[in-house]
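A quick write-up on the structure given underneath.
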């Protein structure tokens, strides 16, 4: 055989690159990354991350969320364990000596043989945009001080960054995930949480002490930046065998959402605006069929979105519609059939889901051509459709989903069974950068990434496999 000339070698390389690029754009990527995992078990209740704050009846499990549609209010929530104590929040702007007071409401609940502490929820309204606020809870020796930033004023070219976490739980891997996110120099200004919080329901009798331990574990983040809550199957806590017949009982007592502000009738589906984004939260485990409250609300909600004001349209849900893992395969199908045509019509930019304990990103696809007789039931590329991202890889006790359907479907652009978190950084009305971070990588490493082009302002092809 003769020697290969340099020109021939260059041509071969070019051809191989073109072939590889073609394969990636049509078949997607299944990562073969080898994971180093801690034990997939929950941390014991005496772990440092669950430590109760010092002092009698000190406020604990502090968390905040957005308190209205526009982003000028927050809801501060906390628990006092021994007694009701004060339901007051003192707050003030940075570099200001003028302090304000807000008073909240307190509730308790019982779940089988568990009785909760005193759960406080206090709305703080009429805040200024783009401002740092300090706030204090408790009295005397048990006062605890925290802070948060309000979002910038709503507008199309305001930069804003979201963190993304799902299915977190309270295992050793959960701790790695939250620590990795908290220490990420590019971490979000708010967290979009796609459901499955404490996994208390995996314990006998849904041991609600695990709701308390999770609240203390996550406080290092939830007390300082708003977490936007989505409900998952592990928030249902429906246990008629022990006399607990009310779904979502612990969640609805412990966590608040601004659902009334957006015209919703339940706290499980609602919408908010934050900077340049319009965020719609849907409930995979509440009724969503035609004529249900959630269906009617969403039908009226999409036309309200003003893309000249909030160009980025983001949807959160728990159960993914496009999932190529064996776990929970096709579970989101009935909801997809009900709502997907609206997602395409209104040009949703991205959908974030959890439930599957792994990571996956889709191409822009839709599957709305099917009817009972035409047999057209295969997803197709659709530049008016959203990218679907499954980020249920927070690290919970149930472990990773490692079994995938083979061959990899064409709608799947990238998938990997690893724990991690993601960052969605909106730059302006046309561009946003997305990156997924494995737990065991350095912060500069993005295990997956994509530049998003806004579907309303810049609807050019941003096929993930070809542009990541």
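Even glycines carry a Cβ here, placed using N, Cα and C.
The following features are taken from Swiss-Prot:
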SIGNAL    1-25  signal peptide
CARBOHYD  95  N-linked glycosylation site
CARBOHYD  113  N-linked glycosylation site
CARBOHYD  175  N-linked glycosylation site
BINDING   196, 233, 318, 355  Zn(2+) binding site
BINDING   233, 355, 356, 357  substrate binding site
CARBOHYD  306  N-linked glycosylation site
ACT_SITE  328  active site, proton donor
CARBOHYD  428  N-linked glycosylation site
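A Cα-Cα distance of 45 Å separates residue 95 (N-linked glycosylation site) from residue 356 (substrate binding site).
Under 8 Å, Cβ to Cβ, and six or more positions away along its own chain, residue 318 (Zn(2+) binding site) finds 166, 194, 195, 196, 230, 231, 232, 233, 283, 284, 285, 353, 354, 355.
Shown in sequence order, 320, 323, 325, 327, 328, 390, 392, 401 are the residues of the chain, 6+ apart in sequence, with a C-beta less than 8 angstroms from the C-beta of residue 356 (substrate binding site). Apart from 196, 233, 318, 355, the residues listed for Zn(2+), the same chain places the Cβ atoms of 166, 167, 194, 195, 231, 232, 234, 235, 284, 285, 319, 354, 392 within 8 Å of the centroid of those Cβ atoms. Fewest other C-beta atoms within 10 Å: among the glycosylation sites 113, 175, 306, that description fits 113.
In this structure, 328 is the one among the recorded positions 328, 355 with the smallest number of other Cβ atoms inside 10 Å of its Cβ.
The local packing around residue 233 (Zn(2+) binding site), expressed as other Cβ atoms within 10 Å of its Cβ over all shown chains, amounts to 19. Taking the C-alpha atom of residue 357 (substrate binding site) as reference, the shortest distance to any of the glycosylation sites 113, 175, 306, 428 belongs to 175.
A C-beta separation below 8 Å, combined with a sequence spacing of at least six in one chain, links residue 428 (N-linked glycosylation site) to 156, 157, 159, 276. All protein chains shown were included, and the count of other CB atoms within 10 Å of the CB of residue 196 (Zn(2+) binding site) stands at 25. Highlighted in sequence order, 166, 167, 196, 232, 318, 319, 320, 327, 328, 354, 392, 401 have their Cβ within 8 Å of the centre of the Cβ atoms of 233, 355, 356, 357, the residues recorded for substrate, and are not part of that set. For residue 95 (N-linked glycosylation site), the Cβ neighbour count at a 10 Å cut-off comes to 7, with all displayed protein chains included. When the alpha carbons of residue 113 (N-linked glycosylation site) and residue 175 (N-linked glycosylation site) are compared, the span between them is 28 angstrom.
Comparing residue 306 (N-linked glycosylation site) with residue 175 (N-linked glycosylation site), their Cα atoms are 39 Å apart once rounded. Secondary structure at residue 428 (N-linked glycosylation site), as computed by DSSP, is coil. Look at residue 318 (Zn(2+) binding site): DSSP puts it in coil.
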